[in-house]
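Copied over from Swiss-Prot:
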| type | residues | note |
| --- | --- | --- |
| TRANSMEM | 9-29 | transmembrane segment |
| TRANSMEM | 37-57 | transmembrane segment |
| TRANSMEM | 73-93 | transmembrane segment |
| TRANSMEM | 104-124 | transmembrane segment |
| TRANSMEM | 126-146 | transmembrane segment |
| TRANSMEM | 161-181 | transmembrane segment |
| TRANSMEM | 204-224 | transmembrane segment |
| TRANSMEM | 236-256 | transmembrane segment |
| TRANSMEM | 270-290 | transmembrane segment |
| TRANSMEM | 298-318 | transmembrane segment |
| TRANSMEM | 324-344 | transmembrane segment |
| TRANSMEM | 370-390 | transmembrane segment |
Amino acid sequence: MVAIPDFLPALPEMFLACAAMALLMLGVFRGADSTRLVSWLAVGAALVAGVLVLAASGDRAVTFAGMFIADDFAVFAKVLILTATALTVVLSVNYLEREQMDRFEYPVLMLLATVGMMLMVSANDLISLYVGLELQSLSLYVIAAFRRDYAKSSEAGLKYFLLGSLSSCILLYGASLIYGFSGTTNFERLAVMFSSDVPAATGVVVGLVFVAAGLAFKISAVPFHMWTPDVYEGAPTSVTAFFAVAPKVAALALFVRVLVDPFGELLAQWQQVVWFSAVASMLLGSLAAIQQRNIKRMMAYSSIGHIGYALVGLAAGTEEGVRGVLIYLAIYLAMNVGTFAVILSMRVNGRMVENIDDLSGLSRSHPMMALAMAFFMFSLGGVPPMAGFFGKLYVFMAAIEAQLYVLAVIGVLTSVISLFYYLRIVKVMWFDDLMETIERPARASALVIGGTALFVFPVFYVFSEGILNGAAAAASTLFLR
């Protein structure tokens, strides 16, 4: 029997799940006109859950028969996830109304997906890992196809569902191999088993490769990236904004925990897999984005490249590498949320526009929005003194300390190549002639754009010490054993 105190480490997840169900009931009783109210209450629920998460920081607790762990690593990842959810729901409110998609189920599904993500980063067992992953995925499948009257949205949802189901099968097969050859699915028992002098069975290594492949799909790492451009382009733009941040943060944090915590002693076996995926992701992301004219497809390939940079830190397999990954994720969140806030504001005569050329002359009609977008592009490209430069600096330094010199050099070269398509957007905004005037962004979107733009340049230096210390504390918890 589970004692009452055992539920306390999972209090944020329980609160958010109850809030989602309460908001679902509220939407049912109030009807279709409740979307705005439910959305803002969902933002409030995410913020309260964030406070509950931070209140438990510094403590380490394992509960639910070893299935769930609450530690500083989970706290850091959950704060990022909840921040991403709150910001993307804020951006969605006006978009849903303008696109006639305002249904109260939308923010509820986002909250349920967030609960799944929080369970993922606190998973201490392959079974709880899968449960959290599927809770997230089932919600995301629905919101990817949320715009039922738009063929591309239905196509995006179907593609994501089919390929996501395949990746789940691959992950389950890998988990079954690990259990079959080790006799356990618990992370702590696996870590103890592999810390002995007895070499790991070949079946365990093969199972780990399958699990890594299943998780690589969730983070859009090459060669499991094929769904990303089509889903990013076809899904409603507010959904794409959510996909670009929260699920990526959760899946990559889970990827780090799985490889470093139970399988840290098998670094020699999984390091080469991560090395290849990092190189392939950086190369594909930087080269394929060059020819894109649709800004959402460009951001899809950009996200693939950025996952490659984050994997550089993971490939190091060190505490410094994990710290670099977490710092990178925090900066990546701000850059992408800000960029998609601008994309969501791209309206001409009431209709959404998605081509890069539609930003022509933006500096003349909306100079502050153009300046913010330039900040995001410079930061995504890793140009100093933007925050994105320091994100890449920490992962590359970790790779060099781990003697992965080739990986670091490839990362620097692909980062230089990626500047082409980021600077192209800056050139279009500031030097091309004004074609059509983009409408003024909604107040909520303008606040998000301004806040994230300030974060990626001046404000980052103010909070950098807190982010660095939080990431260091989170990374150290994975190396306690």
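Each residue, glycine too, has its Cβ placed from N, Cα and C.
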Request  = Could you give the residue numbers and ranges of same-chain residues that sit at least 6 residues beyond the transmembrane segment (37-57) on either side and whose C-beta is under 8 angstroms from one of its C-beta atoms?
outcome  = 8-9, 11-13, 15-16, 19-20, 23, 26-27, 30, 70, 72, 75, 78-79, 82-83, 85-86, 89-90, 92-93, 96, 104, 106-108, 110-111, 114, 118
Inquiry  = Pairs 6 or more apart in sequence, C-beta under 8 angstroms, 3 or more of them: is that satisfied by the transmembrane segment (126-146) and the transmembrane segment (324-344)?
reply    = no
Key: Per Cβ pairs under 8 Å, the stretch of 104-124, 161-181, 324-344, 370-390 packing most closely against the transmembrane segment (236-256)   = 324-344
